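According to TrEMBL, the features are:
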DOMAIN    B:5-106  domain 'FAD-binding FR-type'
BINDING   B:G81, B:T82  FAD binding site
BINDING   B:C232, B:C237, B:C240, B:C257  [2Fe-2S] cluster binding site
Amino acid sequence: MSDRVTTTLGPLELPNPVLTASGCGGTGRELAPFFDLTRLGAFVTTSVMAQARAGRPTPRVTETPSGLLTAMGLPGPGVETFLEHDLPWLMEQEVRTIVSVAGNSVEEYGELARRLRHVPGVAAIEVNIACPNVEDRGRMFAWHPSAAASVVRAVRDHARPGVPIFAKLAPDVTDIVTIALACVDAGADGLTLINTMEAMAIDPETLRPALTGVSGGLSGPAVRPVAIRCVYQVHAALPSTPVIGVGGIATGLDALEFILAGASAVAVGTALFHDPTAGPRVLRELEEALAARRISRLADAVGLAHKPAGYVPPQVRPQEPEKEKL
Amino acid sequence: MSDTPVQTSATVLTVRQVQDYHAMTLVAPAIAERFRPGQFVALAVGGEHTSRLVRRFFGVHEVKSDYGGTVELVFADTEPGTAWLAGRRSRDQIDLVGPLGRPFRLPRDPVNCLLAAGGPGGAAVFALADSLLRRGCQVHFVLAGTSARQVFGSRMAQRIGDSSAVVTEDGSMGEKGTVRDVLPRVIEETGTDVVYGCGPTGLLRSVTQVAGDFGLPSQVSVEEFLQRTGACGIGVCMTCMLPVHGEDGVTRMVRACADGPVLRGDRVRWGDLGTIPFDALGAPRVLSVNEGGSQ
């Protein structure tokens, strides 16, 4: 693998920037027949919760233009089963794993971080704060800077010191930068932008909402411009905070767009439902796109869209000054 | 490993109208060689820059060895995705993933098998019939539809089956009625040992109930439920969940695609489809409109 695409997410170094998005790669086993998961920068797990959850009744998904609308209800086997069956399998395959955690109370997040504290094979923790807070009338943690910060702080306090923490933010807030700042202040090492957007569809046949959950989360290429805007705004405000860009990435050029906006890594989500090999394909296309633009290191492209046109990143060439001596 | 699914760009050989349905034959050797009856394929629709991200799922009607290996699918044109498929022509390319899901389990001994089928998904019983006949089983067909144009494969059933019966709701072909009306009689007349079902959920439920009344095992393919609720077909999206009770008596929400599409009929909680039964593993303990989140 070329080191053109190595990337760093704060303390975390990855051989390439292409991850799977949480909730889109199953347990990993389902994708394994299609490609070698170690070729990913990292595998991000489906959000783990304290208890097993069946989620919402079907229909949970409906197709919308260039997107998917889903109301899953965070189904999962619970942290016990995850630690017993799913994480060990990923470790066995030597897949770099970022564990996504979700809770319905600040306490539940803290508890999950504690459960992961002494577990090997956790490269980083992603905190899914797009969850209803049962202690606050079911309002999402991601909607309020203070609620978001209290979740991040709880995870930070209980997680193993040194393990990087990423907060995954929802895009449908008044000012995403305020929430990003609150999360970083609370101890997040980086941010994942974005989660799904709340949206709705009505079935013209049944004349009722298309999903049992009434509204759901919109994902896929339809939300990509929203995600790019969020990454750009957050990178402008917090240029040294690493960002994982997510939202409708289906090609290498989509990934490049996120990187130019300020993302140091990207996660492929909904595209995996459509194309199980989307991960390695996006990586290959991204490498080609960088080469075609004579960008020798991925890091040089991170946030490049913020620089004035014609800006050339300083090149580090320790060998060359010698040659230039005449 | 030959039992793992593959992703392939398949070439369309033919698309034909068959009564109210479309039959599409695709050249896909890697899928044809791996296929076992009951498994399905997942097709991407809309071409390379499609705006439709959900794959379409179809059981395989027939696998042939021509052109290195072909698979034939039968489907109804019911929405823009299937309309796009129906509009494909020979030599077009379609992105295909398969074979997916768990196949029908075949009896070890040459027993009497009853195959009940309805709708376009019912076409998948013919691949099963083929395997059963090669094992020396007797194969009896019961084909159902709302009218004659929705009964697929009646002539083929007559030709290859040891017996075949057709039942339509309007009586335009065979007997007038539903599968439930004719199944008990056919089971008695043929001395059926095992019942297989393929088609709409209502038919599968009837098949399971009648088989249960006679104390017979039933295996059904919930492909139609998968078509209505699924998105990926490979087991990652977790949208095609249905309640199934296990040997331990615990009801779990399982994926129609990866844990099915073939399930033991008596394990499926047919009356609770489209719900999370209160006693299912992980069911919400407190009813709350806010529980869940948009994820």
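FYI, residue positions are counted from 1 along the chain as it appears here.
Cβ atoms here come from the backbone N, Cα and C positions, even for glycine.
Here the features listed in TrEMBL are painted onto the structure.
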residue	record	contacts (Cβ under 8 Å, 6+ apart)
B:G81	FAD binding site	B:V45, B:G46, B:R52, B:V54, B:R56
B:T82	FAD binding site	B:H22, B:V45, B:R56, B:F75, B:A76
B:C232	[2Fe-2S] cluster binding site	B:A42, B:R55, B:T239, B:C257
B:C237	[2Fe-2S] cluster binding site	B:G230, B:A231
B:C240	[2Fe-2S] cluster binding site	B:F225, B:L226, B:T229, B:G230, B:A231, B:R255, B:A256, B:C257
- Mind pulling out which binding-site residues among B:T82, B:C232, B:C237, B:C257 sit under 8 Å from chain A, Cβ to Cβ? B:C232, B:C237
- Just how many other Cβ atoms lie inside 10 Å of the Cβ on B:C257 ([2Fe-2S] cluster binding site)? 31
